[in-house]
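Everything below concerns the one structure shown next.
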Amino acid sequence: MNSAYTAIESDVPEQAQQPSAQSNATSAGANVSPSEWTWSQKLKESSHPIALLFYIFFRVSPLFIYLFGTLLIGIITKKNKFILHFIIIVLLVSGDFWNLKNIAGRLLVGLRWWNEVSVIKSTNGEFENVWVFETVDPNRYINPIDSKVFWTLLYVQPAAWVVLGFLALLKFEFLYLLLIIISISLSLTNAMAFTKCDKFGKANHLATDIFSRATGNLFSRLNPFST
C-alpha cells in the first residue's frame, strides 16, 4: 500500500488565522487561565465552533445511543426496539466517519485523506490501494482548542468501543458485538489515516524547510555580491 501527499491551501484569510492576544484576554478574562475556562468560553475561542460541535456530537452520540438508546426508544415505541436501536447506531457511526474524514479533519486540524485504487502498469490489470494525504500550509494558524478536542476524541472513541465490545462478548450479545466491530473498524481507520497524514505532513514540511535553508546558504556563498 502506497501513500501520496499534497498540500491544502488555507481556506482562512491570513488576518483571521491567528486571534490577537487582546481578544483572547477579553473573552476569557484577564485573571483566568485557559485551563480554567468553561465549555462555553472554550467554544467561543474555537476557530470553527459549528464544526467542533458537530464533531463532538458525532463522536459521542453513537456511544450514548448504544448505552441508553433502548430506554429512549422504549419511551416512543415498544415494537422492534432492537432493530431501531441497531439502525440508529449504524447511521450515527456512518455519519461520524464521513464528517470526520471530509469536514472535521480539514477544518479543525487542516488534514484530509482518502483512498484511491490505481492500476499497476508493470502487471496485467492488477490494482493497488494508494493512501492520499493532504495537509494545510504550515503557516496557517491551528487553534489549540480545536486540535486538542480533535486528537483526544479521535483516540478515545475507538478505545471506548473496545471496552463495550469486551462487555458485549461477556454478555454473549453477538449481534451488538458485530455492530461494535463495525464501529471499531471505521473509527480505527480514521485514527490510523489521520495519524499517518499528520506524520507525513510534518516530515514533508521539515524536509522542505531543510532543503530551502540549504539552497539558500549555498546561493549566498556563491553570490559574489554577498557580504
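Positions of Cβ are set from backbone N, Cα and C atoms, glycine also.
Now, the feature entries from Swiss-Prot:
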type     : residues : note
COMPBIAS : 15-32    : compositional bias 'Polar residues'
CARBOHYD : N24      : N-linked glycosylation site
REGION   : 8-32     : region 'Disordered'
TRANSMEM : 56-76    : transmembrane segment
TRANSMEM : 83-103   : transmembrane segment
TRANSMEM : 149-168  : transmembrane segment
TRANSMEM : 172-194  : transmembrane segment
Exercise. Excluding the flanking five residues on each side, which residues at least 6 beyond the ends of the transmembrane segment (56-76) place their CB within less than 8 Å of a CB in that stretch?
Worked result: 82, 84-85, 88-89, 92-93, 95-96, 99-100, 104, 149, 153, 157, 160-161, 164, 176, 179-180, 183
Problem set entry | Other parts of the chain folded back onto the transmembrane segment (83-103), taken as Cβ under 8 Å at six or more residues beyond its ends | 51, 54-55, 58-59, 61-62, 65-66, 69-70, 73, 77, 112-114, 154, 175, 179, 182-183, 186-187, 189-190, 193
